[in-house]
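Quick look at what Swiss-Prot lists:
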type: ACT_SITE; residues: Cys128; note: active site, acyl-thioester intermediate
type: BINDING; residues: Ser13, Gly14, Asn15, Ile16, Ser159, Ala160, Gly161, Pro162, Gly163, Thr164, Arg165, Gln166, Asn167, Asn278; note: NAD(+) binding site
Amino acid sequence: MGDETIKVAILGSGNIGTDLMYKLLDHPGSMELVLLAGIDPHSEGLARARSLGVATSDQGIAAVLERPEIQIVFDATSAKAHVRHAKLLHETGRIAIDLTPAARGPYVVPPVNLTQHLDALNVNLITCGGQATIPLVYAVSRVTPVCYAEIVSTVASRSAGPGTRQNIDEFTFTTAHGLEVIGGAQQGKAIIILNPAEPPILMRNTVYAIPAGDFDPAQVRDSIEAIVAEVQQYVPGYRLTNPPVFNMRETPWGRKPVVTALLEVEGAGHFLPTYAGNLDIMTASARRVGEVFAQQLLSRREVLV
């Protein structure tokens, strides 16, 4: 594709890395995928990449570091692995878009702060639950202060690969922190449930938000519906299953009107089954964030020319 694109690589040839590969090939935008690197030479992801003409390696991060032309790296490995990767990528001046809960860089949720950290060399996409639910908490907090937000993400057990299962503890901490830092809640709590039901269920999320004071329910409802429409621009299967509910409850902060929103995420079916909306929203968010970084790198290149 030449000088009109930014060369990118994917670290991790599991479910998330492979699905992201399909998204980047189908809608490359300003990016050119030049490498999919994993550590299992027999992984399905590497085999699929080779069949599609994408360069592959089973040498992990080492293969990326050998390619100086790669400017953006999507890390779809694990939180523990990314801690090491982040240091190496930073030392070589690569932009890391972290799809693990390692959180070595600032959080990014596209409909909330897509362009806020374009000078960072490492940004974190929090978790699938964070990408799905933080926009709704933010939608409430931009109308009225939120003293507490709690989310419950239920995903199909079959959609949770080894990386997801290794990251369960980091998921709860990082998502809860994201509810506060990006969502705007004074206190956040996150719960994830792996549901073994057959046939597998779609990703389902319950969001509770307790406003600190009085508010106009119509404004909150409109704010939620507006941000859902924003997310649907890059995750078409993202939708509310019912209109937001407002009901009075006894809470640790006194008797308050609690906002409850129910949503589900259906995947696009690029590589993963449509029930794996939890993984699809991560890869869709990653592609969106990567495109913004790539456009900025290209604009800087034009200025230098």
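Cβ atoms are placed via backbone N, Cα and C, with glycine included.
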Span of Ser13, Gly14, Asn15, Ile16, Ser159, Ala160, Gly161, Pro162, Gly163, Thr164, Arg165, Gln166, Asn167, Asn278 around NAD(+) - largest C-alpha separation, Å: 17
For Gly161 (NAD(+) binding site): DSSP state (helix, strand, coil): coil
Residue with minimal Cβ packing [other Cβ atoms within 10 Å] among the binding-site residues Ser13, Ser159: Ser159
For Arg165 (NAD(+) binding site), the number of other Cβ atoms found within 10 Å of its own Cβ: 12
Distant-in-sequence Cβ neighbours of Gly163 (NAD(+) binding site), under 8 Å, six or more positions away: Gly12, Gly14, Asn15, Ile16, Ala76, Thr77, Ser78, Thr100
List of residues, in chain order, with Cβ under 8 A from that of Gly161 (NAD(+) binding site) and at least 6 apart: Gly14, Asn15, Ile16
Spatial neighbours of the residue listed as 'active site, acyl-thioester intermediate' that are distant in sequence (at least 6 apart) but have CB under 8 A: Ser153, Val155, Met203, Asn278, Leu279, Ile281, Met282
Secondary structure at Cys128 (active site, acyl-thioester intermediate), reduced by DSSP to three states: helix
